[in-house]
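Below is one structure, written out as structure tokens; the observations come after it.
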Amino acid sequence: MFFIDTHCHLDDTSFGNFASNIYQKARLSGVEVVINPSRNINGFNKIKTLSNSNNGIFYSFGIHPLDISLNFRSDLDFLYKSVTDVIDDKKFIGIGEIGLDFRNIYDNTNIYVQKECFIRQLLIAEEFSLPLIIHSVKSHDIVLSFLRKRHNSGGIIHSFSGSYQQAHSFIDLGFLLGFGGAITYKRNMKVRYNASALPLDSIVLETDSPYMLPSWLNRDKGVLNSPCELISIAFTLAKLRNCSLGEIANITTKNAFNISSKLNYKSY
Ligand SMILES: [Zn+2]
């Protein structure tokens, strides 16, 4: 079976110098392809190096809504230049992680800055016809309205936490919905319902590692989430949908390949 972890931060400092080893371990268990989006411009070099030294690691560049710096306008200029530098890199697949996160908003300036940053990055994706890896928390309707105004090349709404109806609105715009560790908690009824009821051809798997621990990992014991957990997450999805692990592997992998032709297994 062949699995794709569509969202994983192997460049995160918590993986130390072991990111390549962790990927190779995941690969042996069947998670052959991993997409590593960036959180901010400081990660670009590390992510590119990691990707270039491991066949199955692909990457995207973007500025996460919770990682926007005071110099965000010059960061956006740097992002634009970086995208032009790597546009022909066969491992560079899109713009992300970008989006809106309205979880802990205390002032309108933050909302304004997040929106400006998001729009600028949507324009870069549009200019280069690149797919998007989107982070949307308590902002789905606004994200949808922004996406409707732009010609976009689809992509993934990662760790999808919206309603069943909002899921269909994203699907109608050409997006896939990412599900990961959140589906392993019984209390997450909405997410589990969406994962069980949405069409399987609109779903991709992710670990969001080292974040979003699945229920069987204990944060207190310092255990790290990694792409190695993807198959157990896939097994949870198979149980929720009452289908086989093989079917989950085949269809979610096929869905992920549709994001970018560069991901095609034979190309690397
Ligand atoms: Zn992420």
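Cβ coordinates are placed from backbone N, Cα and C, and glycine is handled just like the others.
Per TrEMBL, divalent metal cation 1 binding site is recorded for His7, His9, Glu97, Asp208. What TrEMBL records for His135, His158 is divalent metal cation 2 binding site.
The two recorded residues His9 (divalent metal cation 1 binding site) and His158 (divalent metal cation 2 binding site) have their Cα atoms spaced 13 Å from each other. Here His135 (divalent metal cation 2 binding site) is positioned 6 angstrom away from Glu97 (divalent metal cation 1 binding site), judged by their C-alpha atoms. Here the Cα atom of His135 (divalent metal cation 2 binding site) is found 11 Å from that of His7 (divalent metal cation 1 binding site).
The sparsest Cβ neighbourhood within 10 Å, among the listed binding-site residues (Glu97, Asp208), is found at Asp208.
Separating the Cα atoms of His7 (divalent metal cation 1 binding site) and His158 (divalent metal cation 2 binding site) is a whole-number distance of 7 Å. Taking the centroid of the Cβ atoms of His7, His9, Glu97, Asp208 as the divalent metal cation 1 site, the other same-chain residues with Cβ within 8 Å of it are Cys8, Asn36, Pro37, Ile133, His135, His158, Ser159, Glu206, Ser209, Tyr211. Cα of His158 (divalent metal cation 2 binding site) to Cα of Asp208 (divalent metal cation 1 binding site): a span of 9 Å. His9 (divalent metal cation 1 binding site) falls outside any helix or strand according to DSSP and counts as coil.
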